[in-house]
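Worksheet: one structure, shown below.
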Amino acid sequence: MRILLVEDDVEVARFVRKGLQEAGHTVEHAPNGRDGLFLAASEQFDMMVLDRMLPGGVDGVRLVETLRTQGNKTPVLFLSALSAVDERVKGLKAGGDDYLVKPFAFAELLARVEALGRRPASDAPATKLRVADLELDLLSRTVTRAGKRIDVQPREFRLLEHLMRHAGQVVTRTMLLEKVWDYHFDPQTNVIDVHVSRLRQKLDRGFDRPLIHTVRNAGYLIRAEP
Amino acid sequence: MRHDRVGARALPREVPARHAEALATAPPLGLLRSAGARFALIFAGTFVTAAIAFTAVLWWGTAGALDRQTDAAVRADALALSERWRDGGVSAVVEGIEDRLAADIENHAIYMLQAPDGRRVAGNLNQWPVAADAPGAWAYTTVQREGQPAEARLHDIVLEGGFRLLIGRDIDEKTRLRQLLGEGVAWSFGAAITFAIIGAWLMRGMLASRLRPAFATAASIAGGDLSHRVPLTGRHDEFDLLAATMNTMLDRIDRLMSGVRGVSDAIAHDLRTPIARARAKLEDALATAPDEAALKLAVEQGIADLDAISRVFQALLRIAEAEAGARRRAFAPFDLAPVLADAADIYGAAAEARGQVLDTRIPERLEIVGDRDLLLQAVANLLDNAVKFAPPDGHVLLAATLRPDGGAEVVVEDDGPGLAPADRARAGERFFRADAARTTPGSGLGLSLVQAVAHLHGGSLALGDAKPGRESPGLRVTLGLGPA
């Protein structure tokens, strides 16, 4: 993916840029809002990572608002040191697609960038999701593996649906909490792990090939190959 | 470097102090810049304008009326005598004049009929006055009457055949009256101006004295002492209203300030310990790690420590936000029941994994007004504690009820060791951890947040035994939420 990074802190910018490049992305970096807006308006990007507060008169929110009024729909991930809930709401209202509070783990950033940049095309809603021999039917809300029906609870179904929609991508625990349960809070302990491992047991029981994989220090990922 | 920083920090502290000093000593404002003087000036101006208008109307109604009355009488006379001239000629006019002079007891009337050759035919004037020597003229002039000069209003009419008629009135008395009136007006006008000045001065003084307490309070606040409040006079007027509003504002600022102070205290005292620990571990690894793998492990551990610190930091911020009431902006009406069900769902799996049972007793609907994310966080903290402290085969209960007053009550019970009564009072303190809990993971901030959330929602946090009398009484936490 071609990613625009607008971040004024040199150290954070270097770290994010290096990480994204190592993950196989092309990164353009602008150190302030004005340059960022210029780049975003004149070139094509798959994804933008913006600091919420930027020097040079144009902050992240202004930048996105300007782009959105010009009809630019490039997905935007905000990075911000402002963690209050209304700050998050402000960022998303301005046209941001996701909001990550500093300090963050790079794995979290990468997972969110990839989830945003490779969002499924919304104009053709799938009715079935497939990963290897696992099939999830969104209409009848059933899960089958190799033709064998697996009973899951509604919450587990949504958890699996989210993982399968991002098959091959890492999904972090916070992302699951935000997207599957729709809460922004600190669960203190790894409660999400318990849910995932319960789901994993149901899916993998009787099969020798596990589908849900744990990515160390990051989160989970579902894919056919081990 | 260090020295520079101190200097930079000292500067902004000094500026407000100087500012406050300037306020407290209240430099004399320029007369035009003082609002009090301006109000006073406006008051005096209005007062004087009103006096002028009043006098003008009075003058027009008295002195003016006298003049108009004279002119009307002269005009009526002129009309009547002109008619007599048309009907009966000279003799009729002469007769008319004589009749009128005979009837004029007050001796105010002046007449003179003059023939074309300049001869006087009739009347009580000997000589035609110069000022009225123009056909149709109106004039004020002095005439000689019986050897005495007298002020007169005269009208000159030209009759047919070259005759001229002078009609007038002696206005000596009226002029005297007018003078008297003029003097009266001048005196009262002087009095009005004096009153205007005194009034303006009093008003300015009153304004200044009513504003002075607010001024003094603001000055001491700006000087850094937040305890001052504007005294109220109890008159419930606009100034009291202003003072009351100002006091409310100051209370709010005070609360916010103490919230900020609380957090900075907590940061100063309690974040240093984990930071120091993480630092020590990293430094130790750097100095003594035998190989790269050990070093890498230490760095990873360092990152984990930093993450834990930033989570504590985040929790502190949330508590401070809740305590300061800043998050009340995020309040909205919502149904608490599904949120509680979600919390039970999220922690149910964790309880199950430990072999515990999480029961719920949640009503179908629980409409409240509040902050959804914060309430979930509070309930999550309670459930996390309960699951942590309940024994492996224990029970955890999450129950909620709607109180008759419109508030709600969320109860979380576990059958763990419970909390000693002495520790209960301190449980809401930041970083407080009971001795028995020191070995379990946790930051000591969980219940502080719950307490802050309860207060934010106009409620309270109560701790008690879940099963009193037993060996392990368990803990029963009641989170009360006030009515919206």
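Placement of Cβ uses the backbone N, Cα and C atoms for every residue, glycine included.
Note that TrEMBL annotation is computational and uncurated.
DSSP assignment over the domain 'HAMP' (B:216-258) gives 28 helix, 0 strand, 15 coil. Residues or ranges marked as domain 'HAMP' in TrEMBL: B:216-258.
Taken from TrEMBL, the feature domain 'Histidine kinase' applies to B:266-484.
Taken from TrEMBL, the feature region 'Disordered' covers B:464-484. Away from its own ends, the region 'Disordered' (B:464-484) comes close to residues 333, 368-370, 375, 378-379, 382, 385-386, 389-391, 397, 403, 405-419, 424, 447, 450, 453-454, 457-458 of its chain (Cβ-Cβ under 8 Å, at least six residues beyond either end).
The annotation transmembrane segment is assigned in TrEMBL to B:39-60 (among others).
The transmembrane segment annotation in TrEMBL covers B:184-203 (among others).
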Non-local residues, at least 6 beyond the ends, that sit with Cβ under 8 Å of the transmembrane segment (B:184-203): 36, 39-41, 43-44, 47-48, 51-52, 55, 58-59
Mean predicted confidence [pLDDT] for the domain 'Histidine kinase' (B:266-484): 85
Residues of the region 'Disordered' (B:464-484) by DSSP state, where helix covers H, G and I: 0 helix, 8 strand, 13 coil
